[in-house]
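Features as listed in TrEMBL:
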type	residues	note
DOMAIN	939-991	domain 'HAMP'
DOMAIN	1008-1224	domain 'Histidine kinase'
TRANSMEM	187-208	transmembrane segment
TRANSMEM	220-244	transmembrane segment
TRANSMEM	264-283	transmembrane segment
TRANSMEM	304-325	transmembrane segment
TRANSMEM	349-374	transmembrane segment
TRANSMEM	386-403	transmembrane segment
TRANSMEM	437-457	transmembrane segment
TRANSMEM	701-724	transmembrane segment
TRANSMEM	744-765	transmembrane segment
TRANSMEM	915-937	transmembrane segment
Amino acid sequence: MLCFVGAYLSNRYAQTPLVMLRTATARLQTAVLDAELLGEHEADNLAQELVANKIRFQTLTGSTTYPVFVFRGERLLFWSEHTVRPEPEHATQQFDDKLAETKFGKFLVLRRVAGPYVILTYVPLEITYGISNRYLREGTNNALFQNLNVRLLVETTPSARPRIYSEEGTYLFSIESLQDDPITGRYLPLGLLLLGFGLYVLGWSRLAQRFFQQGQTWQGVVAVLLPLVAFRAGMLSLGLPFSFIEVRLFDPRLYAASWLSPSLGDLLLNAIVLIIAAIYGLLLFRRYGLLRRVWQVKDWRQRVALGAVAVLGFYGLLELLFDFYSSSFNNSLLVLDITQDIQISTFKILLALAIALHTGGYLMGFYILSQVFVGIVRPSTRRTGLVLLLLCTVLFLPVGLAIGEVHSTLLGITLLFFLVLRFTGLKSAGAVLPYQLYLFIFLMLGLSSGIGALALYEHFDRQLLLNKQTIASNLLVDNDLQGEYLLAERALDMSHDLGLRVMLTSPFVNQDLIRQKVAKYHLRGYFDKYEVAITLFGTNDLAVGMPGNLAQMQQYLLRQAVPTEHPNIYLLRSGAASFVSRRYAAFVPVPSADGDTSHIVLELSLKKLTANSVVPELLVDQKFFQPGLGTELSYAGYENGQLVYNEGDFDYINKLTPAQLQLPKLYTTGLSVDGFQHLGVKGTAGRVVVVTTAMYSFGDWLANFSFLFLLHTVFWVAGIGGYLLVRGRYVEVLRTNFSTKIQLFLNVGILVPLIIVSIATASQVTNSYKRDLLRNYQRRGQAVQENLLKNSSLLADSADRAELVDLAENVSSLTETDLNLYDSHGELLVSSQPLIFESGLLSTLMNPQAVAALAEEGQPRRLLTERAGTLSFNSLYLPLRAAAIQPGRPGEVLGYVGIPFFDSEKDLDNKLTELISTILNIFTVMFILFLGLAFLASRILTQPLKIITEKLKQTTLTGQNEMLVYDSEDEIGLLVREYNQMLLKLEESKQELAAQEKEAAWREMARQVAHEIKNPLTPMKLSLQFLQKAIQERRANAEELISRISQTLITQIDVLSDIATSFSTFTNLPAMRPERLDVVPVIRRCVGLHQGSSQATIGLELPEDADTGRYVVFADENLLVRTFNNLLINALQAVPSTRQPVIEVKLATCDASRIRICIQDNGTGIPAEVRDKVFVPNFTTKEKGSGIGLAVARRGIESAGGRIWFETEEEQGTLFCIELPLAG
């Protein structure tokens, strides 16, 4: 609680204005001074090189931190950067450091004089583009301001705002709109919040651990989950931590799905809570034996109901998982579609982690429901279940895919999953081989990846439909009402612009300056999406710099024009072109001071949609930009059913018939024909626009499936591997059965080469792509160079800028490239994309690295990677030389041409996207295929071993052992032959051992019989001797003695008779007749016999499936009955008369092939000194026992391939156990 209070107080403290001003100003002042010292130090080093005349472009580039410019007078000689435009007047002004404010930003300018040279260092403070889009972001220099959110102001009068000074104490700028300081306002509250949360979790976890140690599992789970859920609820209700700590991870502008996941950080926290809840839910599922309770359900109606609940529950979870995927993709700026974007960022990795954790939570729910389903079905209904599942799957899945109905598809996928589960037998994970558990996990990962790929397809299809509707609607709209209103306002501003008035009435009209001011000052912002042509007319209505007059221009433009509601502004109709080019003409009168009127005629044409260039997107503000749909975008315009215009590669004439244009589906969800998806939008007057793109193919879906499958696999393999490593249980992974080892080694042996080949292929193909792009750049550059050199006279005399502009535009159009022409000093002459330079994205200076390579090193060309904002692109620079005067010597350099390939990164990304998608598809398909093949191979390879194992289990010294039949010369065949040889030797040894045992048994029997016979013979001899002596002495009681001794002799003779009878019984046991019999009825009859004939309590415990007939053994039924009866009689007789006899009889399974019958009594137990003689024939501790019952029982059990043993404890009781093999 103290930590939470401390976090709140520290945050409130950081929001105090004085604290913000004091802490941020001090840090910013230090950063500015450090930058100034660094710039001065670099300028000093450069001054020494200038004095020594060692300065070159080659040594200057890369040797300075900030842009540096070297002047001699007002002439620029050297520069280290081409992204900043220096002001020549700074070279002649007298100052050491000052703040320079231009229309492209604010800079700290450092001036250093070195003899006749002046060194200017520009330290960027604040960048201004006037445009905000995905590539351009205005604001302060993050490297210098360290993410402080401030705005710089230059004040002429002192104010309360904090002020920043130079090293010499010169005022530079003031700060406004300062927000929280990163140290006291962000990290300290965040640290306290995390510390408080850690202590909160620690306290509850100790309480939960105490519950778990006491065996109170349910209470422990509640102690873990309830505090976490309560804490998350509190965070969501209070909007923590973003409500008072603006952490980027919790910024809703990056990701905002719902109130439950308002940010990416919240999504990640929810994923952690979900995975913890799922883990403990699985713990409760196992702890309380819910699966065992499911097995106990016997009524078929209840089983059907539970099975249906499991399937419907699985389907419900699948719907929730699909909704989660859809929400994650639809409400995020982060693109996880591998076919659309392959860029990697920290936030993408965190989103992928959140998705993997969420999926893991759902997978545990899938696992529990699948176990319930498998537990409820019975083996006897396997065939019927497979048929029903197959029929339902065929009914729902293909239909759902065909009509694009998500819910039917998900239901079909659910049924397919259970069909695979039922068919393959990958069911009870606790009872199957370890590798079957791995396959089950991979099956569920594949299921979730398929759902994610389906959600990505739905998201792409929905977004594509919206974009097509937007583009088609824009193509159909004639009037841009907002544009007309803004154009009227801008025209009025131009009419009142005193600067334009003066320039238009000047005797020497500077056309370029007027056009630049109109385009960049008056038509900036909204009209960036229009191409603007500006024609100037003087007060005499004659065109400036070109033939013609105002009346001719009006007649030409207004032939098919429609007046708008604003004066002098007309909408130009141009037939078919009206679908793609909304054109306006505006006649702007500019009155002069003497009462005359000049005119500015504006022609505005909506920029044509292009899928192959990023220049429009780079130059247009984000709020006015129309998104493209990829390189395969095509569109067509129809009027009254007739095609009047089309753009793109699609053949609308032959591949889109008039009948298809009449289909209603074309105008609702779109029409798919021959791999292309068309969407039509109807306009007025019978006009229709059809936008066409390539369909989202199965390969695209497979690529996303592969990406998600590998993503889940990597995350979960890493998680499980880390868990095993931390817990020290990684050795147990290798201690598995032979089948699992075969499959693991096969998969590893295939996976490693597959990864290596994939990486090598990707690297090779990527390099090939780059070489192809380079060759393409060089060919286009050579074409540009040759076309420009055909007009080398214009390059030698660059005074006529209009002709140079025409030349650049013609060559650019001919070669389909943008180009920049530089003079021989590296300064820009003309450009086919002047907005790049007018917007301040690049300066009018040539890249100094290109100057160093072409001018100083004499290279024929130089390809460089440059940046405009955050857009990275390639530029090719070539020299333009005059014809050589002397053979062997190059001609004079007339200038340079720079060819920026703004779409180079986009082209490479598109090729890499295709490559990565293909490799992912091949890798995943091969991986899944080899998983299945490895499984089949292990089954095939280990099947003979399983047969041998079963035979070895049945190998006995008493029964008949069968030979193995395996016709192969491999290692298993050798093992089988050795096994058969072993059986032959075993048979010989068995016969010899049987003879020895028989002889030993008879000897032991003779010894026992002799011992037993001697016992009554001794008293008989003594009695006869005593009688003989009495007769000789003629005693008076001789008659009495004769009678008494005769009775004694008769008793002893009876004892001898019993001994002889017992011996005869043991040696004349009938031959056993083994047969297949269910042991359960035998046990029930024996127990029932004794329950009805004694006062003892005899309990019988049987398995739940006792009546299914699975407990069948191969034995003699009479022998089993005699054995069970004997054991029950012994148990009853072992209980002293002072106790109530309690006998427990239990039947259970040892493993999949053996059963165990146990009989427990509460008697006095067996003394230690006689325990070794329990199974010896004729040994007994009872007065009337014969001593052969247990011997007979042992012989019978062992003859059936089982064993019998006992466990005893004196005065506590004895437990006799019989183990028998199940019949195959």
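Along the chain as shown, the residues are counted starting at 1.
In case you wondered, yes, glycine gets a Cβ from its N, Cα and C as well.
The model shown is predicted, which means the values in this text are computed figures rather than measured ones.
Secondary structure of the domain 'HAMP' (939-991), assigned with DSSP and counted as helix (H, G, I), strand (E, B) and coil, comes to 37 helix, 0 strand, 16 coil. In terms of C-beta pairs under 8 Å, the stretch of 264-283, 304-325, 349-374, 386-403, 701-724 lying closest in packing to the transmembrane segment (915-937) is 701-724. With a cut-off of 8 Å on Cβ pairs spaced 6 or more residues apart, the transmembrane segment (304-325) and the transmembrane segment (264-283) reach fewer than 3 such pairs and are scored as not touching. Sequence-remote contacts of a segment are chain residues at least 6 beyond its ends whose Cβ falls under 8 Å from one of its Cβ atoms, and for the transmembrane segment (744-765) they are 435, 736, 915-916, 919, 922-923, 926-927, 930-931, 933-934, 937-938. If you average pLDDT over the domain 'HAMP' (939-991) in this model, you get 75. Residues 249, 255, 264, 267-268, 270-272, 274-275, 277-279, 281-282, 285, 290-291, 294, 306-307, 309-311, 313-314, 317, 320-321, 324-325, 328, 332, 334, 336, 417-418, 421-422, 427-429, 440-441, 444-445, 447-448, 452, 708, 711-712, 715-716 of the same chain sit 6 or more residues outside the transmembrane segment (349-374) yet have a Cβ under 8 Å from a Cβ within it.
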